[in-house]
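Asks: According to TrEMBL, the protein has these features:
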- 1-38: domain 'NADH-Ubiquinone oxidoreductase (complex I) chain 5 N-terminal' (DOMAIN)
- 6-23: transmembrane segment (TRANSMEM)
- 35-52: transmembrane segment (TRANSMEM)
- 54-311: domain 'NADH:quinone oxidoreductase/Mrp antiporter transmembrane' (DOMAIN)
- 58-80: transmembrane segment (TRANSMEM)
- 92-113: transmembrane segment (TRANSMEM)
- 173-194: transmembrane segment (TRANSMEM)
- 200-224: transmembrane segment (TRANSMEM)
- 240-261: transmembrane segment (TRANSMEM)
Amino acid sequence: LIDPLTSIMSILITTVGIMVLIYSDNYMSHDRGYLRFFAYMGFFNTSMLGLVTSSNLIQIYIFWELVGMCSYLLIGFWFTRPIAASACQKAFVTNRIGDFGLLLGILGLYWITGSLEFRDLFGIVNNLVRNNGMDSLFATLCASFLFVGAVTKSAQFPLHIWLPDAMEGPTPISALIHAATMVAAGIFLVARLLPLFTVIPYIMNLISLIGIITVLFGATLALAQRDIKRSLAYSTMSQLGYIMLALGIGSYRAALFHLITHAYSKALLFLGSGSIIHSMEPIVGYSPDKSQNMVLMGGLTKYVPITRITF
């Protein structure tokens, strides 16, 4: 299935992916798990591209699971550090909640319409709504379950807890997962099923409400962070709230536009923060508590001029 949404998302994933791969070649060159890192990265990009090119809900669910598994492997990349090990488990378990909701929503939708292909699905639902052949409470419930899956992947308000902990992986992974690619999966799902959400009552109000809560919540939490990558993670969460709000008021174009602009700028921010962390390490020591602490970073313009221009 190739349509404007698929093409724009695949361009986004491939361009950000190639930039992150070029960057991490030098970044990870001293790491013991160099080959493992690139295997995981290629697998992650593959499953993400499979997700955006899928034409039915079953294919989306399969690739959804693969993306969740890749995020588990990549966040727990330095699995000898206990913080990283607990963080990847937390991300995996939180994502399981959303996957279960997504599965329930897909099954309920199949029970209502008897089809899983997107093209047939929207037509059948529109006919049912026009002829009142659909239990509106059950339809709203199924749509809410589908939305729970999107909420978990895109780190919206109740299930956002895995996103800041996911910063325990290497910086290129943070740039790829939490700027561009993985958090775009939930938004992609909502955008793909938007014709469905618009005809079902009350669900758009829920999407907008969650978006508003996430915007305020993420922005206020970002102000209180000391770790540079954590504060970037919370700002990502806030911007995704803006995109959810745009989808919830039915503004498809504004949401996609903000998704694209935010993905590129946030990937650049994360890669720049990785450069800063690498420059800080010889001075303050190699522990992440020190090399990622923003209290210890002042007057970086003199020392890292190129990074300063990009950052």
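Cβ coordinates are placed from backbone N, Cα and C, and glycine is handled just like the others.
Just so you know, TrEMBL annotations never went through curation; they're auto-generated.
Show me how these features fit into the shown structure, please.
Replies: Mean predicted confidence for the domain 'NADH-Ubiquinone oxidoreductase (complex I) chain 5 N-terminal' (1-38): the pLDDT average there is 92.
Proximity of distant same-chain residues to the transmembrane segment (6-23), defined by a Cβ-Cβ separation under 8 Å and at least 6 residues beyond the stretch ends, is recorded for 38, 41, 45, 48-49, 52-53, 172, 175-176, 179-181, 184, 188, 256, 259-260, 263-264, 267, 271, 274.
Sequence-distant contacts of the transmembrane segment (58-80) (same chain, at least 6 residues past either end, Cβ-Cβ under 8 Å): 33, 36-37, 40-41, 43-44, 47-48, 50-51, 87-89, 91-92, 95-96, 99, 102-103, 106, 116, 149, 153, 165-166, 168-170, 173, 177, 182, 185, 189, 192.
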Asks: Mind checking which residues of the chain, 6+ beyond the ends of the transmembrane segment (200-224), have their Cβ under 8 Å from one of its Cβ atoms?
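Replies: Result: 125, 129, 136, 139-140, 143-144, 147, 151, 155-157, 160, 190, 231-232, 234-250.
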Asks: Give me the DSSP three-state residue breakdown of the domain 'NADH-Ubiquinone oxidoreductase (complex I) chain 5 N-terminal' (1-38), ordered helix, strand, coil.
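Replies: Going through the domain 'NADH-Ubiquinone oxidoreductase (complex I) chain 5 N-terminal' (1-38) residue by residue, I get 29 helix, 0 strand, 9 coil.
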Asks: What same-chain residues lie close to the transmembrane segment (92-113): Cβ under 8 Å, and 6 or more beyond its ends?
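Replies: Same-chain contacts beyond the ends: 57-58, 61, 64-65, 68-69, 71-72, 120-121, 124-125, 128, 134, 138-139, 141-153, 159, 161-162, 186, 189, 196.
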